[in-house]
Amino acid sequence: MRLLLLNGPNLNLLGQREPGFYGAMTLKAIEADLLAQAEAEAVQLECFQSNFEGALVDQIHQAIGQVQGILINAGAYTHTSIALRDALLGAAIPYVELHLSNTHAREGFRHHSYLADRAVGVVSGFGALSYRLALEGLLAHLRQPQQVL
């Protein structure tokens, strides 16, 4: 099984940007942890980060027929990007939306997601652990899609 992890804008600054919201782990450390978890599950995981919306859309398009699921932390694009929503819907690949911080405990403009209503699930507020929980949930869905979790 192959999965894609997408990280959006400013996530390359993890570990130095607002650690009170996002924690002290770098994106590289989070990815290394998730790659180890994926390997233990016999899953191939590709990681990609971009600050550019179009690059994320391109990755989703390239994933069609190549991956069975997507983990996406779209960062601020979660609240603004109809293009990412359309790409995910067009690709028809199951995805889990994830966030380090609890977006509903933050500014009002972060309460709306253009991605959540079509996601398999949403994980937020657990810091770096959100990535592990999202992977676990996506794998459970892909391995037993008919079972209500």
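Please read every residue number as a count from 1 along the shown chain.
Including glycine, each Cβ sits where the backbone N, Cα and C put it.
Over in Swiss-Prot, the protein carries these features:
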type	residues	note
SITE	Arg17	site 'Transition state stabilizer'
ACT_SITE	Tyr22	active site, proton acceptor
BINDING	Asn73, His79, Asp86, Leu100, Ser101, Arg110	substrate binding site
ACT_SITE	His99	active site, proton donor
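Feature annotations (Swiss-Prot) mapped to structure.
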residue	record	Cβ contacts under 8 Å, 6 or more apart
Arg17	site 'Transition state stabilizer'	Asn10
Tyr22	active site, proton acceptor	Leu14, Leu100, Ser101, Gly127
Asn73	substrate binding site	Leu6, Asn7, Gly8, Leu11, Glu97, Leu98, His99, Leu100, Ser130, Tyr131
Asp86	substrate binding site	none
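Reduced to three states, the DSSP call for Ser101 (substrate binding site) is coil. Shown are the recorded positions His79, His99; of these, the residue with the fewest other Cβ atoms within 10 Å is His79. In the three-state DSSP classification, Arg17 (site 'Transition state stabilizer') falls within coil.
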